[in-house]
């Protein structure tokens, strides 16, 4: 089914829907379901079994009436009596229920109705916005119509097999083209229903894959911030790092003031909070500064007193 194009599938669905509805409508409306031998004239009280046997002619019947093909009543049709008075059955038996269902022909009529609605759904799928949902409805209608059709055919066969007048002869009846039209309508309806459901499943899978890919794409772009925002965050993070706030070695050598000098010029707000530890630290820092300040002076004097470093003026 994947090898077929979607347009071919829709063409099969449309043509199949029209064919199934047409065949079933013709089958229900015609009288060529069954060919059998029977009496065409109306029953009378003086009739016996022998006279009726001699007057039997070939007839064709549908769902509601029987027509004669031979004899003096050729071409005459009469309504089918599904509940004859001389029939040997009780009203509470399964045969009576079968005859009642056969007389009502509810399943063939229901099949035609479902096929009609299925065809409307197929036609509406060409214009409706959410066409895949309409196609699913059409598939459900056609599958249900096929099931109703086959149930009606089974009931019809069972009713004919259970006819008391047909039991003594195995070859006393045969099925006509109307019956086969109904059978072909069942096959086509089931094929159309399966194709319609397959179209819906394929379309649903495509929409699901498309929505899944769009969702993944949106989530991927949501995780990645814009370039400017990332650059701004990166620059701000660099400015907030502790290493970025440290001074370079050159600035440390020439433009910084030792922390001990700063501590010498800072005063405590509360003189009562000065402890022995702070006094010792200040004395130690003061001694260190004296040593630090005296070292360059002595070094300068040694350089000045060195005779190699003296400048001599030529005479």
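Quick reminder: no glycine exception, Cβ is built from N, Cα and C everywhere.
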The annotated transmembrane segment range in Swiss-Prot, which must be one of 160-180, 181-201, 202-222: 181-201
Annotated region 'Disordered' segment (source Swiss-Prot; candidates 127-147, 232-252, 253-273, 274-294): 232-252
Where Swiss-Prot places transmembrane segment among the ranges 8-28, 29-49: 8-28
Beyond the flanks of the transmembrane segment (181-201) by at least 6 residues, Cβ under 8 Å: 1, 6, 9-10, 12-13, 16-17, 19-21, 23-24, 26-28, 30, 33, 108, 111, 115, 118, 122, 132-133, 135-136, 138-143, 145-146, 149-150, 152-153
Outside the transmembrane segment (135-155), six or more residues from its ends: residues with CB under 8 Å to it: 13, 17, 20, 24, 98, 101-102, 105-108, 110-112, 114-115, 117-119, 121-122, 125, 179, 182-183, 185-187, 189-190, 192-197, 199-200, 203
